[in-house]
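Below you'll find the structure, written out as structure tokens, and then a few comments.
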């Protein structure tokens with residue numbers, strides 16, 4: 001397809017999206033130079049006092065209680081969140097599918113059920129839930145960031161959507177993703193770029209970045225993302241949210257679309273993203289209680305365990321636990337705000353009576369190397385085929401410009417460790433599976449051996465780790481698992497067309513994808529905020545590698561940032577700034593890492609940690 005054709009299709013689809021926004025819900029946008037837009041929903045005048053009360057109710061349990069008892073109707077709650085979601089769209093470009101009439105009709109159906117039966121429809125009765133643009137809803141397009149998928153209408157609901165309907169929920173919007181999904185940012189040719197509401201010069205992360213921005217602006221009480229290398233956890237950390245990465249097949253993925261859909265060596269999983277820790281539990285329990293293994297043939301037949309949630313395997317409620325902190329992973333050192341967040345978390349846990357020890361890294365780079373070779377096994381054929389449907393190019397970078405920061409790596413470590421492009425044979429892939437299995441066993445043994453250091457008679461209960469080496473970063477500077485074969489393909493394409501070399505600005509930090517490789521359950525929690533007077537320049541250190549050096553120099557005073565973006569369209573330019581405010585106020589999230597299929601226990605431990613952290617900060621006047 002000629003270039004003008006796919007571009008015209010994208011422009012037409014974007015225009016149809018704009019036409020779905022009611023004119024009375026449009027706002028006067030803040031100036032492009034306004035970085036933080038979190039207060040705009042409260043000050044723009046669109047939301048009534050009642051709608052602000054509803055959408056500012058962060059605790060999902062409180063929302064559900066008011067919906068179940070009829071204090072608030074689902075129609076008014078859905079309307080309030082829809083209006084706020086549309087505000088969020090105008091501020092950060094976070095949405096893809098907007099279907100107001102359909103969502104309100106569903107909300108009325110739920111209200112009518114409560115009135116007719118005198119009881120709620122299900123455990124998520126009346127709750128509006130946003131979905132990443134992978135979860136098919138019958139009769140709606142699922143575009144997933146590809147121009148070639150425009151007009152692809154789902155003929156049935158994904159299993160998750162079926163279960164959400166059974167639970168009484170109201171799916172009401174879908175959210176933006178990057179082309180191919182395999183980026184740590186959120187930008188595609190169809191819908192454009194999503195920005196971070198804490199600072200629109202910064203990325204919300206990816207690939208569930210639309211969910212991250214929407215939920216951070218409280219345009220949704222609870223969203224559902226996916227994670228194959230950090231795609232729930234990175235946006236949750238960058239946007240100040242709670243997010244759960246469950247183990248493979250605990251929650252139903254059947255019927256959702258995906259990139260590399262047949263790749264089951266390291267599977268994508270779905271999980272909740274929310275401002276409310278209670279929301280993580282409510283969603284996860286509701287979906288598991290619906291017995292998803294009856295609808296999804298690969299779902300694990302494991303009922304929700306109250307004993308595990310009550311930490312029966314971790315000393316019981318109120319029992320002393322031992323946590324291990326991964327201060328750095330021996331590959332990339334974290335920036336000062338992230339280090340301070342870990343120090344704060346350690347102090348809070350110790351003040352609450354728990355033991356905290358240092359985590360000793362184990363074969364971390366080997367794990368990453370095998371994982372990247374698995375992702376690269378098809379030589380990016382799947383991704384290239386989806387782009388070939390329309391003729392759109394594979395995106396070279398997430399950067400708004402072809403300019404590169406002086407410290408950008410021409411060839412990131414992930415490409416170096418994989419080597420030359422190659423479509424692996426079945427035998428070669430099986431050999432990687434053998435290596436993966438051996439590494440999982442080795443890491444399990446390493447974890448079990450910590451029993452000698454904990455003082456509890458048990459191995460370490462959970463690991464506390466960075467999610468990223470930094471608290472977000474400017475657009476175009478974040479990436480975590482784009483397949484190295486894609487990088488090589490982009491290099492070749494760039495050379496053929498005389499474009500800037502691919503991959504400029506990419507950096508890896510290796511803190512999330514090892515959980516996907518080992519299939520560890522992981523839960524992100526907001527720990528603190530970056531602060532210009534508390535977080536100075538990182539002290540010089542002997543770099544582990546060029547990747548570590550690049551990440552270190554990412555926070556140098558002179559760094560390029562986007563001057564202005566509106567609705568995902570670049571209206572300014574790149575400039576170098578001496579800007580101490582760039583990271584100031586950005587949320588810093590960490591992750592609590594548990595064992596495989598330990599969702600209940602991980603949620604329970606995160607609740608203990610979160611309460612300890614809040615008490616500790618409150619007692620010292622910290623934020």
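Just so you know, glycine gets a Cβ as well, placed from its N, Cα and C.
With 181, 228, 229, 230, 231 listed by TrEMBL as binding substrate, the candidate from 207, 220, 247 annotated for that site turns out to be 207. Across the domain 'Amidase' (76-602), the prediction's mean pLDDT works out to 89.
Looking only at Cα atoms, residue 231 (active site, acyl-ester intermediate) sits nearest to 207 among the recorded positions 132, 181, 207. For the substrate site, whose binding residues are given in the record as 181, 207, 228, 229, 230, 231, the maximum C-alpha distance rounds to 11 Å. Here the CA atom of residue 230 (substrate binding site) lies 8 Å from the CA atom of residue 207 (active site, charge relay system). Annotated pair residue 229 (substrate binding site) and residue 132 (active site, charge relay system), C-alpha to C-alpha distance, rounded: 16 Å. Each residue contributes its Cα atom, and for residue 228 (substrate binding site) and residue 132 (active site, charge relay system) those atoms are 14 Å apart. Close to residue 132 (active site, charge relay system) in the fold, though at least 6 residues off in sequence, lie 174, 175, 177, 207, 208, 210, 211, 223, 224, 225, 226, each with a CB less than 8 Å from its CB.
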